[in-house]
Amino acid sequence: MAAAAPRRPTQQGTVTFEDVAVNFSQEEWCLLSEAQRCLYRDVMLENLALISSLGCWCGSKDEEAPCKQRISVQRESQSRTPRAGVSPKKAHPCEMCGLILEDVFHFADHQETHHKQKLNRSGACGKNLDDTAYLHQHQKQHIGEKFYRKSVREASFVKKRKLRVSQEPFVFREFGKDVLPSSGLCQEAAAVEKTDSETMHGPPFQEGKTNYSCGKRTKAFSTKHSVIPHQKLFTRDGCYVCSDCGKSFSRYVSFSNHQRDHTAKGPYDCGECGKSYSRKSSLIQHQRVHTGKTAYPCEECGKSFSQKGSLISHQRVHTGERPYECREYGKSFGQKGNLIQHQQGHTGERAYHCGECGKSFRQKFCFINHQRVHTGERPYKCGECGKSFGQKGNLVQHQRGHTGERPYECKECGKSFRYRSHLTEHQRLHTGERPYNCRECGKLFNRKYHLLVHERVHTGERPYACEVCGKLFGNKNCVTIHQRIHTGERPYECNECGKSFLSSSALHVHKRVHSGQKPYKCSECGKSFAECSSLIKHRRIHTGERPYECTKCGKTFQRSSTLLHHQSSHRRKAL
């Protein structure tokens, strides 16, 4: 086989590494034996060491200074035989530290330690690290990069079948671009996962083998048909989403490990429920469900969690942080899963159809949860009272009734709620928003439930009856509070004055007497009130609304109490 002839020096007295490099074609490389390939590497190393010791530049003429450059070549721990015409025994002083070495190869190895100190220095904080892999991990702390390729191994990747010098090879660039600079080594090969045999014995760079690259640059494929299904694993924010449970992952390896928990019976079995896992760490996290062990407590409310990620998501309830933003509509979310659900609503595609009722769903785990409505399955059980639920979220909300946790606090008045939806509805009291409209009379409400209760006024429906006196009510909660009149029960007591009340809402309003708080402000005149009902009555002064009409004479009034007083005058006249 004929190897390509080395190029001649372009200038008198100037020798570059490419001038003495020997390049093989793809076909020629395949014909080399293992011993010949090892010899090829040794020769290239000797040439590099010789040129470095002479202070020559190892790059092309257009490239920049050699002090920050190095070549990445995989070497085995074997003896290197000096070539003819090369005298390794010579005094070689190191310009960096002053150390003098006689052997040219030892001198080359010594100089490489200085290069590594520069190459493995963090550009953000100047910290030196021992290894390039540690630099990769350290750099992620500065740039927050979650998606990164596999660390470049100590192997020889050569672009376009040439030994190339890499300049600053371990400086991270903007996400989505090459990890290595344009004049460096393995710009395209860095994204390809190579086996040990390919790295040791394969050609320096196999062109045409991985022409199709995933947009995230985490995986490369040999055919276009292979990359398309891989790309479907991503959402718009670049995460891997599990189609079985909706959980999202920033790294493909974490996503792949998680999927094994759904698809395969792992070697780690739970002794309590028999569930199996492919990883021991997953089993340990699962066992905390049975033991109740929670290793991560919230400093704000004291609630504990079995996983650190769950604690981080929970803390956003207190801080109000919503880091996940939809790029199309600008809507923000506190949890990544909520953003994913929202984004899937853009296309409107509902791939999962219920055979029982015909309802469709965008996500598989939502479809699975829905099917439990028909099957009656309730796999999530409360450890306090034994009540079971079909969805985990319903169990979490139910457990707040036992713990008394109210994580959602109104910044206007300080009132806390168990559910975010209740906080949203409450905040409409301060903003004046009333999105629910009665079709009969046009009256507006800030809660859908209040609209449903109000509509019973028009229909005359009163489905809830008092067991003692038979009085009918349109609201179940009103029946519960009313029955306390018969029993004399007043379970809500004020800590300040000891006064007790029938309902928690009445106690909450009463506490404002002691605090002096008046959260309900009139937008017309600025007057404030302690109760929402007082503000509603006051607004009628500005609007002129008189909703209470006398059936006898047709006279209208702003307040029901005034109407009752007026009706008594008709009764007196009748007597």
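Including glycine, each Cβ sits where the backbone N, Cα and C put it.
Feature list (source: Swiss-Prot):
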COMPBIAS  71-81  compositional bias 'Polar residues'
DOMAIN    15-88  domain 'KRAB'
REGION    69-88  region 'Disordered'
ZN_FING   92-114  zinc finger
ZN_FING   240-262  zinc finger
ZN_FING   268-290  zinc finger
ZN_FING   296-318  zinc finger
ZN_FING   324-346  zinc finger
ZN_FING   352-374  zinc finger
ZN_FING   380-402  zinc finger
ZN_FING   408-430  zinc finger
ZN_FING   436-458  zinc finger
ZN_FING   464-486  zinc finger
ZN_FING   520-542  zinc finger
ZN_FING   548-570  zinc finger
Stretch of maximal Cβ-Cβ contact with the zinc finger (324-346) [cut-off: under 8 Å; candidates 268-290, 352-374, 436-458, 464-486, 520-542]: 352-374
Within the predicted model, mean pLDDT of the zinc finger (380-402): 84
For the zinc finger (520-542), distant same-chain residues with Cβ under 8 A (at least six beyond the ends): 429-430, 432, 509, 512-513, 558-559
